[in-house]
Amino acid sequence: MQLVTASEMQKIDTYTVNTIGMPQDVLIERAALSVIDVIGAGHFNLEHILVLAGLGNNGADGVAITRLLYAQGFNVSLQFVGNVSRAKESVQRQLAIIEKYGLVRSEKSDFNEATLIIDAIFGTGLNNLLPEGLQKMIKAANHIEKTVIAIDTPTGIDATTGEVRGAALKAHTTVTFGYNKIGLTRRVGGYLSGNVIVKDIGLLTPPDFSFSDTEENHSTKDV
C-alpha cells in the first residue's frame, strides 16, 4: 500500500479540488460518511459522543460528522477548539447547515461524560507545536483514557515523520482518507494512531505524481 507525506497529500487534495473540479464540500461529506460507516461497524459505546473540531478542513469534517450523527438520533455534542470566528470557510459552511438542524454547539464539554470522542482538531496540515492550552487539554483527555476516533491523523502527530508536536491525542482508531500517511506507520505516530483505516473519498493523484514510500517499508515499531 502506498504511503504519502503531508505535503504529498496536500498536492493530491489541491489537484482534486482545483484541477478536477471536485467541490470541497463533496469531499467533506464523503469523509464524514466514511467515518459514520466506521462508527457503525465498530463496537463503540455511543451513549454520549463528543466531537472536538478545529478551525480548518479537519474541523469541517468534524461538523459534518456531528450533523450526520445528530440526524440519526445520537446524543452528540460539538465543541470547537479555538475561536470559531477565525475558522475557514469550509467550517463556516458546515456550521450554517448544522445550525438549521437545531443543534447548539457546546462552549465547554466534560470529557468524563463522553463515551466516545471524535478528534477532528488537526489533520495532516499540522506543522508546528500545538498551542500550550491545547496541549494541556490533550494531556487531560489522555489521562482519563477515553475511546478516541481520530479524523485523518490524531491531533498532535506529524503526518510525515510520526513525531509528536508537543502533545498528541491517543486514538483507538484513526480514519484517514485517500492514502495512509507515513507518520501513522512510524515512531510514536504509529502507536498513537491505533487501528488505521484508510477510506477512499474520491481523491485523485496528478498524472506526474509518484509515491515516496510504501507501507512495506515501515511498521508501527519503527523507531
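Backbone N, Cα and C define each Cβ position, glycine as well.
The (6S)-NADPHX binding site annotation in Swiss-Prot covers ASN57, ASN58, GLY59, ALA60, ASP61, GLY123, THR124, GLY125, LEU126, ASN127, ASN128, LEU129, ASP152. Within the same chain, residues at least 6 positions away in sequence whose Cβ sits under 8 Å from that of ASN128 ((6S)-NADPHX binding site) are ARG165. In the three-state DSSP scheme, ASN128 ((6S)-NADPHX binding site) is classed as coil.
The K(+) binding site feature in Swiss-Prot is assigned to ASN58, ASP119, THR155; the stated evidence is sequence analysis. Sequence-distant contacts of ASP119 (K(+) binding site), defined by Cβ-Cβ distance under 8 angstroms and a gap of at least six in the same chain, are LEU52, VAL148, ILE149, ALA150, ILE151, PRO154, THR155, LEU169, ALA171.
Among the features that Swiss-Prot reports, domain 'YjeF N-terminal' is placed at 9-209, with the record citing sequence analysis.
Fewest other C-beta atoms within 10 angstroms, among the binding-site residues ASN57, ASN58, THR124, THR155, are seen around ASN57. Reduced to three states, the DSSP call for ASP152 ((6S)-NADPHX binding site) is coil. A Cα-Cα distance of 9 Å separates THR124 ((6S)-NADPHX binding site) from ASN58 (K(+) binding site). Over all protein chains present, the Cβ of ASP61 ((6S)-NADPHX binding site) has 32 other Cβ atoms lying within 10 Å.
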